[in-house]
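**Student:** Have a look at this one before I ask anything.
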Amino acid sequence: MENQTKNWRKQFIPLILGQSISLIGSSAVQFALMWWLASQTNSGTVLSIAGLFAFLPQLIIGPFAGVWVDRMDKKRVVIVADLFTGLVALLLSLSIIVSEPQIAFILISLFLRAVASVFHTPAIQAIVPTLVPVDELVEANSWNQFLQSGAYMLGPVIGAILYSIVPLWVILMTDTLGAVIACIIIGRINIKKIAVSGEITPYFEELRLGFKEFIQNRKILNVTIIGVCVMFFYLPLSSLFPLMTTSHFKLSAAYGGIVEFVFAFGMLIGSIVIGKLNRKQNKLKQSIYGLIGISIVTVLSGITSVNLIGFWLFVFCSFLMGGFGNQFNIPFYSYVQEEIPTEKLGRFFSFYGSIMSIAMPLGLLLAGPMTDLLGINTWFLIAGTFSLMISIIGYFSIK
């Protein structure tokens, strides 16, 4: 057991490497699809609808998926989810070869990709504590976020380059290829199966127990509520990023790729810095600092001038957004993995994901029309201001 503890990186690093490869393909495809929608419609409402399709599965299926994940072989769940995502990309690619890209097909594909993610994310989060010692969770989550950030950084760049030189159906194939590679890698990793103690609890009773586990930890619940309120304003901005480049700055897809690259680079640097922090620091307070940082740079993004200087200021703000995003996520995930029993992590992260995902569709219902009415930069300013007020209240509430 001691030897296994010392050698946890030999199992963990290949796992997250494989998932990062898959994520590069997914990020390239996501960028290309959202950019196609932005360039074809130039509408915040259409991008908001696309964001809704991408988040609805988490809202609808998420609370139930966690119980299923906890009962299933998590390695198998990850493989099936990856292959399903690759299959969706393949089918959309074939449909585009046959005819011109259709907005309806793209929206359906975003929905189906999100269905796979509903199962994939809690399964990965539940696998981590089976491979990593408790006192190494912050480092492990930092490594995970580091590689994910690298994938988010490369994906949009690859997507932007490919978008300008090849048809959309070719870009979609990168997702299929990445999914196959990830499945081959995880198939070679020995992941311990988590035994379910005692009798199999009836499904809805298990669902109720999972919800009870969530609300009983007051510290986690409080930070989650604060996070949801901030994400109501912040998360919709991710769907509207392309519009900031095309509508506000009047620039091309190449510049949009720069924004996405720098945002992910900020996530990468943030994960390195957080991994080096004193592990005895208050993790939940560190998460609130991340929310405050996100809010401030969102406000700054909203007051950028319509010229290249303003664009590069927005790029710098995007870098900081990425870093502060990990400042919120990494300490919080590490705290949860320390506090919640391993056999209940699947349902916990599903509940958490579902609660957080409520913010996205509700926020988009407001952000889309307001963006079309007031302008994308004005909405950044408004969203950042409200987020900052909520974050400050949250800081004093947990202090």
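From the backbone N, Cα and C atoms, a Cβ is placed for every residue, glycine too.
Pulled these features from TrEMBL for this protein:
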- 12-38: transmembrane segment (TRANSMEM)
- 44-65: transmembrane segment (TRANSMEM)
- 77-97: transmembrane segment (TRANSMEM)
- 146-163: transmembrane segment (TRANSMEM)
- 220-241: transmembrane segment (TRANSMEM)
- 220-399: domain 'Major facilitator superfamily (MFS) profile' (DOMAIN)
- 253-275: transmembrane segment (TRANSMEM)
- 287-305: transmembrane segment (TRANSMEM)
- 311-336: transmembrane segment (TRANSMEM)
- 348-367: transmembrane segment (TRANSMEM)
- 379-398: transmembrane segment (TRANSMEM)
**Student:** Any idea what the model's mean pLDDT is for the domain 'Major facilitator superfamily (MFS) profile' (220-399)?
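**Tutor:** Overall, the domain 'Major facilitator superfamily (MFS) profile' (220-399) comes to a mean pLDDT of 83.
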**Student:** What residues elsewhere in the chain lie close to the transmembrane segment (146-163), defined as a C-beta under 8 angstroms and at least 6 residues from its ends?
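**Tutor:** Result: 16-17, 19-21, 23-32, 35-36, 170-171, 174, 253-254, 256-257, 260-261, 263-272, 275, 322, 326.
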**Student:** Under an 8 Å Cβ to Cβ limit, what residues of the same chain, 6 or more beyond the ends of the transmembrane segment (77-97), are close to it?
**Tutor:** 19, 22, 25-26, 29, 69, 105-106, 109, 112-113, 115-117, 119-120, 123-124, 127, 167-170, 172-173, 175-180, 182-183, 186-187
